[in-house]
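Participant: This is the structure I have questions about; it appears just below.
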Amino acid sequence: MDIFRVLSRGASLKKSKDIVTDYALPSVKQSLNKDVEKEIDFFRTKKFSNLAKSEQDSQKEEEINQTHAKIEDEHNEPPPPKITNEDEARLLRKSYRANVTGNDIPLPIGSFEDLISRFKLDQQLLTNLIDSGFTEPTPIQSESLPITLFDRDVLACAPTGSGKTLAFIIPLIQQLINSNKQKNSGLRGLIISPTKELAQQIYEECNKLSSKLPLKVAILSKSISSKLKNKIIKKDKYDIIISTPLRLIDLVKNEALDLSKVEHLIFDEADKLFDKNFLEQTDDILTQCKNPRLRKSMFSATIPSNVEEIANQIMQNTIRLIIGHKEAANQQIEQKLTFCGNEEGKLIAIRQLIQEGEFKPPVLIFLQSITRAKALFHELLYDRLNVDVIHAERTQIQRQKIIERFRKGEIWVLICTDVLARGIDFKGVNLVINYDVPNSAQAYVHRIGRTGRGGREGKAVTLYTKEDSIAIKPIVNVMKQSGSNYDEWLDNLTKITKNEKQNIKKGQIKRKDISTVPKVVKQKRKQREDMIRASKRRKQLTNGEEGETNNNDSGSDSE
Ligand code: ADP
Ligand code: MG
């Protein structure tokens, strides 16, 4: 399969005409905000949308609500909505703005209980779900659970923090229980994640949901990998494996794992796994999964068109599922752009946020490189902010510990690179700061998606300087699409060309070093350094002159 060719065509971000600015007419703003409000209801605080309904829809909805009200009266508790026909499905989809396309699309589920009647959901699995606090499916779950339980390939795009993990774990567990009944064994479920941190998180979720079920789940940690390599663990011991691509491929090449029986292959953060850094490895995995009954799923909050093309080539009879706008930011997040003039201005902006009480921990701060992340860490250390830094140069154990401490609230401010941009679920993050403008719309959506998760609200501030005039454009587009306010003049930025877009992605913007050291101190430091350098040179010269003096009997001082 020539997925390299498809990939090289470049992505495009869907543009929306919905623009909300400070100067928009109040009526326009209000109606747009209404739209936004409907889209954010991932966790079903409202039953059905009142938005732009036809008379027929209203009538149908009235009937459905009446039936529900009747049952509610009888049982004194809200009934689990059951979707029994296309009309009900259409209304439900409209309420959460789902766009589902493909052949023979199954009806969505209205409740987890719905899965019992329709798919004979394992009772223990349902208990595990409820014990974990999951009582109602989110829209992505309502739609994708039936699709995958019907063994269909799915390409799913839903906002950050909207419950995609359960959307692929629940059907995987259920299907493997069914597969066990047919006396199948060995590795049959594979979940691929671009980072170890995300793999760990998925593993924990999977463990929770498969508790007391006859399934063995593993994450390919260093120790498990070496046990598999040394045959201390048999290669068919586990039913489900969660891994990053490289580690998995390494084991397969060493014949420590066999993917030929895999029945369910899930790519989380699929667009990342199909970008140029991972493509070769992902392709290798696909080649190794030779089971003709293989079901494939791709999940992400951003699916550029080139990844869709790849998906169409590698999947069969796929159902395409989009919740909300494709590649839009999570609507629970308040987005803000702050112009800082220059690099020094960024530190001032952070201190201003602290002064104004907007810097409410836990806070995540993203930077474009390890060097810059380290530099900011050293700057903020003196602000007594209880800060730490995470990046690829830190060991796996260090990274894991920092994440744990951040989750527990022992670290308030976590500075990081894009290593934490994808998938990580920090439930309570209040604020994400893009200290450096991210290099694509997708990177922006994922970074800010670390806040506003699981139905909570969040805030994202992106700091930019005059160096960012090009890089800021894709961010403005995402903000437009999400209905966020931004400065009027940003609307007049010229459209960026494909080349410019590629250049932003390829190269990091050159920025001045991060430092708050006042100019006078810097000047003094420079003077001192100059003096030391000069004195060294003098010494060298003197030594040289001595030699010359010895030879020529002359003794001039060059300085
Ligand atoms: P995504 O992968 O879409 O970014 P996650 O799967 O990480 O989002 O889920 C985000 C948060 O929502 C997690 O804390 C998760 O526990 C929670 N969550 C997921 N599904 C439900 C549900 N049905 N009800 C309540 N909370 C949920
Ligand atoms: Mg996720």
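Glycine is no exception: its Cβ is also placed from the backbone N, Cα and C atoms.
Per TrEMBL, the feature region 'Disordered' maps to 52-86, 515-559. Marked as compositional bias 'Basic and acidic residues' by TrEMBL: 54-77. The feature domain 'DEAD-box RNA helicase Q' is assigned by TrEMBL to 114-142. The annotation motif 'Q motif' is assigned in TrEMBL to 114-142. Under the heading domain 'Helicase ATP-binding', TrEMBL lists 145-321. Here TrEMBL flags 332-494 as domain 'Helicase C-terminal'.
Tell me about the surroundings of these features in the structure.
Facilitator: The average pLDDT computed over the domain 'DEAD-box RNA helicase Q' (114-142) stands at 95.
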Participant: Below 8 angstroms Cβ to Cβ, which residues of this chain, lying six or more residues outside the domain 'DEAD-box RNA helicase Q' (114-142), approach it?
Facilitator: 42-44, 80, 82-83, 92, 96, 98, 108, 149, 156, 158, 162-164, 166-167, 170, 173-174, 177, 208-213, 321, 323
Participant: Please spell out the DSSP helix, strand and coil residue counts for the domain 'DEAD-box RNA helicase Q' (114-142).
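Facilitator: Counts, helix then strand then coil: 19 helix, 0 strand, 10 coil.
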